[in-house]
Each structure stands twice: as C-alpha cells, then as structure tokens.
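Pulled from TrEMBL:
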type	residues	note
REGION	17-36	region 'Disordered'
TRANSMEM	43-63	transmembrane segment
TRANSMEM	69-101	transmembrane segment
TRANSMEM	108-129	transmembrane segment
TRANSMEM	188-206	transmembrane segment
TRANSMEM	227-248	transmembrane segment
TRANSMEM	263-281	transmembrane segment
TRANSMEM	461-479	transmembrane segment
REGION	484-512	region 'Disordered'
Amino acid sequence: MVQSSCDVINCGRSTLNPEANSSSPGGVNEQGEGTSKMSPDELVYLSVLAASIPVGFLFRYLSPSVKQVAALFLGLFITIALCHIHTLHSLVTVIGTWIIIKSSWRHAPALSLSWTFLYLLFFRLVTWFDLPQPTPFANAVQLILTLKMVSLANEVHSFHVEKKRDVSSFAKSPVTGGLTQEPSLFDILSYSYCYVGIMTGPFFRFQTYMDWLKQPSPLALPSWEPCLQRLKMVPVFGAMFLAVNHYFPLSYVRTDGFLDENIFFRLFYMVAVFFVFRMRFYAAWCGAEAGCISAGLGCYPEKALSKPGGGPSVNYSPDPTSEEKYDFKTIQNIDCYNTDFCVKVRHGMRYWNMTVQWWLHHYIYPNAPFKSYTLRAGWTMLISAYWHGLHAGYYLSFLTIPLCIAAESSMESAVRAKLGPSGQNAFDWIHWFLKMRAYDYMCMGFVLLNASDTINYWVSIYFTMHVIAVGCIIVGKVLRGGRREGRKGEKGQTGEGGKTENPEEKTGQKTE
C-alpha cells in the first residue's frame, strides 16, 4: 500500500503530489516535522490540481492535433513555471530514452530502465556536483517521467516484435492495446509533457495517451457524473486529514516527551499517523483522477476490461447498435474502501497507487533475478523503494513487506486452511486487524525517513510487528511439522507482481 503513486510530498520535502513521494507524510516540512498548515508549495500543487479539472472539460472540444499541441504546451508551461532550470533534467531523460529507442529497440526495455534509474540517482545527488538542488516539483515530474519512459520503451519493443511476427506469419496478430506505429520524437515529447497528471499522476501508457487524442466523440463520453462521483469524498478526506494531523503531529515522535508516554499511547500514535497519511493521499489522488476524467483520458468501454495503468486487457470493437457503457479504470489510482478493508498485506498494496503497482507488476517483478516468490517480492520492494528516494526509511519499510507476506502465508496454510467457515471468518478479522497494524508500523519509516528516527520509534514499541511476523512464521512451521509451504503460497499475488491462484484471494475482502 506504500507509495509509490500527493506526491509533491516530495521525498520528505514539503509538497503533496502523489508521485513525487507517495510515501511521505501529511503535513511534513523540510525537517520532516508535522504541521497542520499547508506550505506554499502545497498550495501551488493544489491550485494546479484544481485548475486541471475545468481545463479538462475544455480539451474535449479540441481536434486530435490541436489537443496534442495544447496539452504539450500547457504541460511545458506548468513544468517550466514550477521547475525552472531543472526542467532540463526531464528533457535530458526524454531525449536519452528516444536515442535508446531509435538506436536499439531490441534492448530498449533494459537500457531505458538502466538509463532512467541511473539518471534518477544523478538527479538526487546533483549537489555533489555543485549543481543546484531540484525543486520538489521537479522531483515529481522526474518520477512520473521515469515510469513513462520505461513503459514507452517496452511498448516500442512489443510493437517491433509483433511487426516482425506479422511479416513472418503473413497475418496480423491480435495484440491488445499495442502501438500501430513507432512514435516520433514529437509524439514522445507530447506524451512526456502532457499536462494531465504531469506532477500528480496517475501513470498511463503511451497507447492510452494516443487513444485519448484519437477519441472519435469525446463530448459523448461520460464526464460530469463520474468526475463529481470521484470528488464527492475529497472534502471529507481533507477535513479528517487536517483535524487528526493537528492533534497528532509527526514532530512529537522525535521528542523526548514521546518516549515518556506509555507503550499503548506510542502504539496508538502510529495508527493516527497512518490515518493522516491515508486521508492526505485519498484526497489528492481522487482529485488527480478527476482531472483525468474531466479530460476523458482513460475512458474505455466496460467490455475492454481495463486495468489501472495498463488500459484494455482484451480486444474490443464498438457496437453501433447498442449504447456503450464506459469506465475510467485505466486511470484509477486508489481504491479507498478496499485499501482500508481488504484482509491481506499483499492485497493492501494492490489497491494503493494502483497504476504504479501495474507498472511494477509488468516491468519489474517478471524480470527479477530470482525464482522464489518471496525473493521476487523483496526485489520488487527494493526497486520501488529506490524509485521513491534514497531515504533509509523507505528501504526499512518496503523490505518489511516480504516478511509480513511470508507470515500471513504461513498462518493461512497452517491455521486458516484447517478451520471451518466461522473459524475462518474470525481468522480473517484478526488478519485484517494485524494487516492494518503492519501498515501503521511500516508507514512510520515513510514519514520519518531517516534510519535513526525510524529505528528509534520501532525500538520504542519493541519492534512489535517484526516480532509478530517472525512469531507467525515460526508457529506456522511448527503447526505444519516443519514441512515446506506449498506452491500455492508462493504464487499468491503481492500486489506488485505474481498472479493469484487461490480463488479466495481475488477479492481480498473480509468474510462476512
């Protein structure tokens, strides 16, 4: 559930955009201290987010070519206005990816990943080279752009592979959501700097962008109703964020007075901090989705079975004899209900920053240098932590996730599988409670950021969740008589990779 895509809460800095750091706290200043007031950067971000919604409705009136140029120039204007000279970082990243694609499409996926992630390291360490520190907004743009460039390279690679296959077989292969031609430099630039989600996300593929440009009747697509539906809870989330953050500031965790509080208060504090964290991102991500909906981006017929981030998962064709039903699942970045009420740790990640989870699942998890499910999950968590930033808190938290997944898998096979319906119902409620506490616990690493503050907090509550996770693994092994856990446990989805083979895991809901 971490994260990635509120992110200009930029890697511990003071903004709130969902992709610059989908893992930073609500109300955090440059020292990581809690505050109930919004910084100037946060207000600017919110203004851009709010303005993108009415602007999106205007874009529905434009022709494809005008829409492409207008979205590019608006995105460039926003980027240059907020990032200034640091806009060059994103431009270098785009040009470098274009060169890779043109020179070696066969190796473009691996080369683009290496190029963008190495440049991300340089971007974060520019002060070592006596260069100015990028703004939080530049960080937000860079993170979204990294996802886009890696995805673009993979799409171009798939296009050429399918093209060669078509030529050799003399038949067109039924690829779902594939490119019809290699994009030009102008196409890549317009995709990279499209104003929609340029700092906030959600992530969307190049093909999704092209489908948006070529929509035959954008004014006939759903607009006001789904947009208002997505925005209706934003004031509630915002009010709860401000209220709880006021009474439970993060800065108090770093004081000596916090250690004088009793253990139950210290445990409860992480619950409040994670609540603030969730409300902040629920509000911001719902607003970002509304900006996509108003423009019509990611709108596909329901029969396309679209996936967040990926778009249509099956081939479809419009039916002129019936009225189509549409959805915006392609740009859905948060499922607030399931984030809170799904049972398992692995499912919690599936419903949080959903478009980035799709990116990790398709471009990182399958290419992990391990065969073991647990090690693959750990590798994916490591890459996700690196994408978020270099703060030790990210790594401490992300790398706790595989331990929690191993613990829940161990208890499911050793305990839950042997219970009756009522026993499994009770087990699921306990599992849900522990899942939420695990995320409370890991959230502290994301908001405290540095290793000493994170470990000091975990020490203050005696590494409770680590102890519980290890205890569950040991108990599971003892109850199974030391037998190796079955393959089914290794195939369960982490939310960032792998497919669920257990039908019961498909919803992730508590049994009623």
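Any Cβ shown, glycine's included, is placed from N, Cα and C.
Counting Cβ pairs closer than 8 Å to the transmembrane segment (188-206), the top stretch among 69-101, 108-129, 461-479 is 69-101. Outside the transmembrane segment (108-129), and at least 6 residues removed from its termini, the chain residues within Cβ reach (under 8 Å) are 11, 89, 92-93, 96-97, 100-101, 139, 142-143, 145-146, 149-150, 152-154, 156-157, 363, 386-387, 389-390. Residues of the same chain lying 6 or more positions beyond the ends of the transmembrane segment (69-101) and with a Cβ under 8 Å from any Cβ of it are 44, 48, 55, 59, 62, 108, 111-112, 115-116, 119, 123, 132, 134-135, 137-138, 141-142, 145-146, 149, 152-153, 156, 182, 185, 188-190, 192-196, 198-199.
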